[in-house]
Amino acid sequence: MEAQYRNYGGDTSFSSLRVYLNSLSDTPSRFSRRAVSVSTSYDEMSRVRAVSGEQMRRTLRWYDLIGLGIGGMIGAGVFVTTGRASRLYAGPSIVVSYAIAGLCALLSAFCYTEFAVHLPVAGGAFSYIRITFGEFPAFITGANLIMDYVMSNAAVSRGFTAYLGSAFGISTSEWRFVVSGLPNGFNEIDPIAVTVVLAVTFIICYSTRESSKVNMILTALHIAFIVFVIVMGFWKGDVKNLTRPDNPDNPSGFFPFGASGVFNGAAMVYLSYIGYDAVSTMAEEVKDPVKDIPMGISGSVAIVIVLYCLMALSMSMLLPYDLIDAEAPYSAAFSKSEGWEWVTKVVGIGASFGILTSLLVAMLGQARYMCVIGRSRVIPTWFAKVHPKTSTPVNASAFLGIFTAALALFTDLNVLLNLVSIGTLFVFYMVANAVIFRRYVVVGYTKPWPTLSFLCLFTITSVFFTLVWQLAPPGPLRWFMLGASAVTAIAIVQIFHCVVPQAMIPEFWGVPLMPWTPCVSISLNIFLLGSLDAPSYIRFGFFSGLAVLVYVFYSVHASFDAEGDGSLYFKDMESLERINRSVLC
């Protein structure tokens with residue numbers, strides 16, 4: 001058995017160029033062996049976790065997770081997204097759009113919660129998909145998530161300079177300097193963005209508990225500013241603006257663009273909820289995962305839903321929807337009112353705090369993703385090491401922090417929200433599929449094909465519904481096709497529910513109304529993916545292709561070698577026994 005793992009001369013795949021080239025010739029067989037190899041929950045929590053050497057300290061409680069969740073979701077983007085969605089799509093019914101998007105986020109959060117309670121490790125979606133669908137799908141998922149995190153964090157840190165400048169009435173150009181000779185888009189040096197990224201990197205390297213305290217303070221200040229803006233909006237607003245446009249030629253009423261406008265608005269504002277997934281990567285550092293994780297993840301989403309709906313309502317009362325500034329709705333609304341210009345500075349300060357909290361939570365999450373990917377041996381295990389004094393993944397945190405700072409220094413990413421969100425929406429879709437597969441399939445005991453067939457059929461039906469919604473011209477035929485596909489999807493779920501029994505019931509916490517809840521999450525995420533533009537899919541295809549190349553030329557050989565020589569899992573028995581005791585407790 002062991003001979004099938006050996007390279008030429010018994011060396012590892014990377015011991016010399018000759019051996020590596022010979023190993024490449026074996027790539028198809030290695031890929032077929034490793035790509036769909038799944039890990040077990042016990043291995044992820046014990047032997048795989050032991051690769052890091054030291055343990056991450058369990059210091060977080062449910063209120064820490066709620067603070068991290070709120071901090072991760074409520075960033076500066078909501079100050080822009082709300083205005084754009086209201087002006088272009090939903091009008092005053094943007095409030096309903098936020099409620100629908102919040103429901104979608106809550107359903108996805110339920111799927112994350114079931115996995116996080118069952119598997120309280122730092123890997124988040126990477127670990128969930130690895131124990132369900134195998135190493136290769138998990139690697140593609142993790143690689144895209146990390147690239148999304150790094151790119152969006154670099155863009156957000158540069159946005160901090162702009163918002164801070166608006167708060168103090170200073171032009172952004174005064175805080176950046178142009179280097180002649182560099183191409184446009186790469187020639188504006190932003191030292192403030194770099195300083196912010198490196199400061200956050202130092203905090204998350206120093207202590208997770210201290211990071212949580214900093215986040216709680218910043219989040220509390222940000223929420224205070226949001227409440228202030230909401231109160232000002234209700235005080236200065238007019239209820240008539242909820243049904244009356246400024247231009248009588250424009251559609252009127254609370255639903256000026258009908259149901260399609262509400263759902264298109266929901267697709268846009270849903271991106272404001274992205275961020276709670278980073279909380280699941282903190283599961284390994286939670287004192288009582290069974291109690292704290294459900295309260296932390298679901299509680300943070302519920303609070304944010306309320307805040308977002310109140311913000312949308314106050315904005316809709318401030319101005320008729322056809323006068324709302326799509327780029328800076330709150331700042332523009334108050335700046336046009338005599339005596340209220342000072343509120344625009346408050347908005348700038350509040351948005352700055354929002355940037356800091358979202359950046360802190362996102363950088364915590366990206367480091368833990370990288371750490372657990374390193375534990376799986378598909379990237380160097382150097383990234384998996386946990387520092388003995390700080391109990392944090394210092395190597396992964398520092399590497400990604402420096403990488404993010406380098407991008408933020410000179411690259412004007414100008415990344416659209418859609419551009420960095422497609423990877424996250426794809427992961428939400430994968431996690432919802434994974435929670436169904438895990439409930440109905442136990443490897444070695446139940447046949448996977450009925451569940452896989454159901455997931456494929458339901459995905460195809462949801463894609464068809466989305467394509468009809470996006471591409472079909474208005475008319476009776478469009479509504480007939482939409483209704484037919486919706487009825488077909490419901491019938492597919494009901495038949496599966498009646499014919500295929502659940503193979504595993506969660507011991508502690510499970511998604512309610514299985515399989516309906518994750519199926520609604522699947523369909524909504526596909527619907528939202530359908531609303532994104534072509535450049536989003538080009539970026540997703542580019543980075544996915546890059547991840548495939550890394551896996552084919554490095555990762556599959558590294559994990560194959562580790563499996564062959566028995567080092568796929570850590571052999572330090574002292575560390576392993578210590579972690580096993582913590583798992584049993």
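Each residue's number is its place along the chain shown, starting with 1.
Glycine residues also receive a Cβ, built from the backbone N, Cα and C atoms like all the rest.
Since this is a predicted model, take the numbers as computed values, not measurements.
As recorded in TrEMBL, the features of this protein are as follows:
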DOMAIN    509-559  domain 'Cationic amino acid transporter C-terminal'
TRANSMEM  62-82  transmembrane segment
TRANSMEM  94-115  transmembrane segment
TRANSMEM  127-147  transmembrane segment
TRANSMEM  159-177  transmembrane segment
TRANSMEM  189-207  transmembrane segment
TRANSMEM  297-319  transmembrane segment
TRANSMEM  346-371  transmembrane segment
TRANSMEM  392-410  transmembrane segment
TRANSMEM  449-471  transmembrane segment
TRANSMEM  477-496  transmembrane segment
TRANSMEM  508-530  transmembrane segment
TRANSMEM  536-554  transmembrane segment
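Ranked by number of Cβ pairs under 8 Å to the transmembrane segment (189-207), the listed stretches 297-319, 392-410, 508-530 are led by 392-410.
The transmembrane segment (392-410) makes contact with the transmembrane segment (346-371), as judged by at least three Cβ pairs under 8 Å among residues 6 or more apart in sequence. The stretches the transmembrane segment (62-82) and the transmembrane segment (297-319) meet in space: the count of Cβ pairs below 8 angstroms, excluding pairs fewer than 6 apart in sequence, reaches at least three. If you count C-beta pairs under 8 angstroms between the transmembrane segment (536-554) and each of 94-115, 127-147, 297-319, 346-371, the highest count goes to 127-147. Note: the stretches the transmembrane segment (94-115) and the transmembrane segment (346-371) are not in contact (fewer than 3 CB pairs below 8 A, sequence gap of 6 or more). When Cβ-Cβ distances below 8 Å are used as the criterion, the transmembrane segment (127-147) is approached by residues 31, 34-41, 44, 112, 115, 119, 121, 366, 369-370, 372-373, 376, 378, 400, 423-424, 426-427, 430-431, 434-435, 437-438, 540, 543-544, 546-548, 550-551, 555-556, 559 of the same chain, each at least six residues removed from its ends.
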